[in-house]
Amino acid sequence: MLGDGINDCGALRDADVGISVDSGAGVAKDCADLILTEKGLSIIVRSVILGRITHGNTIKYIKMVASSNFGNVFSILAASAWLPFTPMTSIQLLAQNLLYDISQIAIPWDRVDEEYLTQPRRWNAKDILKFIVVLGPTSSVIDMCTFSLNWFFYGIRTTSDNVKLAQTHWFLQGLLTQTLIVHLLRTAKFPIIQSRAAPILVFSTASIMAIGFVLPWIPAFRPAFSFAQPAPTFVGFLAAELLLYAVEVQVVKMIYMKIFGTWL
């Protein structure tokens with residue numbers, strides 16, 4: 001129903017979608033579901049698309065952050081049962097979460113796949129829970145790799161060993177994997193080739209990964225964050241872990257979509 005007068009109020013209320021214009025009577029605008037601020041109905045189409053983009057990016061953020069936090073908790077519980085020392089200090093956890101959250105500020109401006117915009121989407125708490133339960137432990141696999149490297153390769157097994165080195169290694173691996181994997185989780189398609197993130201999201205994630213990587217190498221920052229200089233050999237292991245995690249998540253994504261028929 002389209003109306004702009006006081007007499008149209010009843011019909012606007014009863015209609016599935018009541019539309020008024022910005023120059024219409026105040027009562028009519030109060031009764032309407034939509035108010036046109038431009039001449040023509042094309043603005044409605046743009047508004048619907050913008051709403052779906054906003055919804056899609058909101059779901060992206062919630063699923064990525066929730067699954068990441070769940071994975072971190074899962075890894076900390078596993079480390080507490082295995083390691084005789086704290087896997088990461090509180091200041092390191094705070095710094096890691098802060099840097100990761102800063103990298104996610106650009107998500108509202110990210111692109112959304114055209115297939116996602118073809119139909120309306122609803123808030124589905126069960127779908128979010130499934131995503132968290134499946135993707136959360138996926139990140140813990142790489143965390144276990146880092147714990148194993150620290151334990152077996154670098155020989156950090158007791159509190160008298162170089163615990164700061166082990167904590168620094170996990171800080172680096174945790175931050176870089178969390179931030180990099182945004183580009184795989186943000187789309188149901190194959191990242192980069194089939195779906196590319198918005199330039200601002202690429203910039204924010206790349207910047208945070210660079211900042212997080214160099215922090216432990218700068219002597220002035222080590223005391224403040226309880227860092228040790230990372231072992232040079234760990235850089236190679238870190239690159240391998242990033243590649244392994246990307247492949248792992250892509251495989252899990254394909255299986256997830258085949259079972260549940262949806263991603264975001």
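Positions of Cβ are set from backbone N, Cα and C atoms, glycine also.
Pulled from TrEMBL, these are the features on record:
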DOMAIN    86-255  domain 'Cation-transporting P-type ATPase C-terminal'
TRANSMEM  131-154  transmembrane segment
TRANSMEM  166-185  transmembrane segment
TRANSMEM  197-218  transmembrane segment
TRANSMEM  224-247  transmembrane segment
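Contact count against the transmembrane segment (224-247) (Cβ pairs under 8 Å) is highest for 166-185, out of 131-154, 166-185, 197-218.
Per-residue pLDDT, averaged across the domain 'Cation-transporting P-type ATPase C-terminal' (86-255), gives 94.
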